[in-house]
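Comments concern the structure below.
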Amino acid sequence: MVSTLKRDEALFELIALEEKRQREGLELIASENFVSKQVREAVGSVLTNKYAEGYPGARYYGGCEAIDRVESLAIERAKALFGAAWANVQPHSGSQANMAVYMALMEPGDTLMGMDLAAGGHLTHGSRVNFSGKLYKVVSYGVRPDTELIDLEEVRRLALEHRPKVIVAGASAYPRFWDFKAFREIADEVGAYLVVDMAHFAGLVAAGLHPNPLPYAHVVTSTTHKTLRGPRGGLILSNDPELGKRIDKLIFPGIQGGPLEHVIAGKAVAFFEALQPEFKEYSRLVVENAKRLAEALARRGYRIVTGGTDNHLFLVDLRPKGLTGKEAEERLDAVGITVNKNAIPFDPKPPRVTSGIRIGTPAITTRGFTPEEMPLVAELIDRALLEGPSEALREEVRRLALAHPMP
């Protein structure tokens, strides 16, 4: 931590408090991770001082010679990482990436089809409380009651009935692989654009552990944190440069002004790290840890939605244990284990309560946790949920966390 912050005592204490929480706890929120020191250095660099409206070679401000090269480097690395012909690294977030893509491909009132939030989708895939549900007519698809897997027959039936302009494949709480080929065939059948939101599994795609949507999607959006382990931000990719030009105009000047070039530098670092061989091994362990942790909890009587996972996350149905997601989140938080309450498919409880929790392994894997340690993590989770919080259990969690240093 920067020592000069000590002059601002109130803020220094709060940052120190959060650093202590991260260092002494087990971070199991699927959308969180720990960036490298190199990413933090880039994000905290002098690039934060520079305004750079526009794109490399076409700025509205002078003095962008180095900035242009930084952003161009990030673009080229993103393209190489995912095999894309075009990339935009300026979105401030995944939500803004989705907004720009929708605005480039649709007009207000057009039909957007995406995964229902209650089935594992994201707010930006058509939730009525989100811009996507306010600007567009929304049709939502879900999962089968028997398997809890995406119902492709329903997807096709809804697409044929409603003729959406855009079909979104992607989710924030779906633990299985996506059949992008089948989605593209459905999109082509109804004349829709296929947009894949790979925010959660982008790092796994980069490592070759999840199907790559680029050969099938018209446009791919993502965040740059989560499994990609970069700074918080957004990314848009496509193999259609003409579509890319339309999206460029929607990012700037459409919905954003000056890009955050210090964050873009952090993205460039993360893309470089993800291009290294060791990132593949890291990602392999993320998936293996998720599988082993899900199996260990299942052996303790917890119902795992879909019966397991293919990626970095899984959902736990707590109804057999007589707990709500809210209760579980609070009990685990009290001993230093961080998860989030999450709806399960066909959940009878409201979103602020839920019947389940979502668990992910990117962050603990970054700290060096191995598959062999997942039964112990499952034991700690089980004890916190069934016995309730205690100082003794909190100390066990703390010791385990401190044995695995943060980057």
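Using N, Cα and C of the backbone, Cβ positions are placed for all residues, glycine too.
Look at Swiss-Prot and you will find LEU117, GLY121, HIS122, LEU123, GLU242 tagged as (6S)-5,6,7,8-tetrahydrofolate binding site. Here Swiss-Prot flags HIS225 as site 'Plays an important role in substrate specificity'. According to Swiss-Prot, the N6-(pyridoxal phosphate)lysine annotation covers LYS226, on the basis of sequence analysis.
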Fill in the blank from the handout: Row LEU123 ((6S)-5,6,7,8-tetrahydrofolate binding site), column other C-beta within 10 angstroms, all chains, value 16
Completion exercise
LEU123 ((6S)-5,6,7,8-tetrahydrofolate binding site) to HIS225 (site 'Plays an important role in substrate specificity'), Cα to Cα, whole Å, comes out at 18
Completion exercise
One finds that other Cβ atoms within 10 Å of the Cβ of GLU242 ((6S)-5,6,7,8-tetrahydrofolate binding site) number exactly 8
Problem - Rounded inter-Cα distance in Å - GLY121 ((6S)-5,6,7,8-tetrahydrofolate binding site), HIS225 (site 'Plays an important role in substrate specificity') - result: 18
Completion exercise
CB contacts under 8 angstroms to LEU117 ((6S)-5,6,7,8-tetrahydrofolate binding site), restricted to the same chain and 6+ apart in sequence, sorted by sequence, are LEU123, HIS125, GLY126, SER127, SER140, ALA343
Practice task
Enter the number of other CB atoms within 10 angstroms of the CB of HIS225 (site 'Plays an important role in substrate specificity').
Solution key: 27
Handout entry: Densest Cβ neighbourhood among HIS122, LYS226 (recorded positions), 10 Å radius
Key = LYS226
Problem - Greatest inter-residue Cα distance in Å for the (6S)-5,6,7,8-tetrahydrofolate-binding set LEU117, GLY121, HIS122, LEU123, GLU242 - result: 31
Exercise for the section: Looking only at C-alpha atoms, tell me how far HIS122 ((6S)-5,6,7,8-tetrahydrofolate binding site) is from the residue listed as 'N6-(pyridoxal phosphate)lysine', rounded to the nearest Å. Expected result: 15
Practice task
Across all the protein chains here, work out how many other Cβ atoms are within 10 Å of the Cβ of GLY121 ((6S)-5,6,7,8-tetrahydrofolate binding site).
Solution key: 23
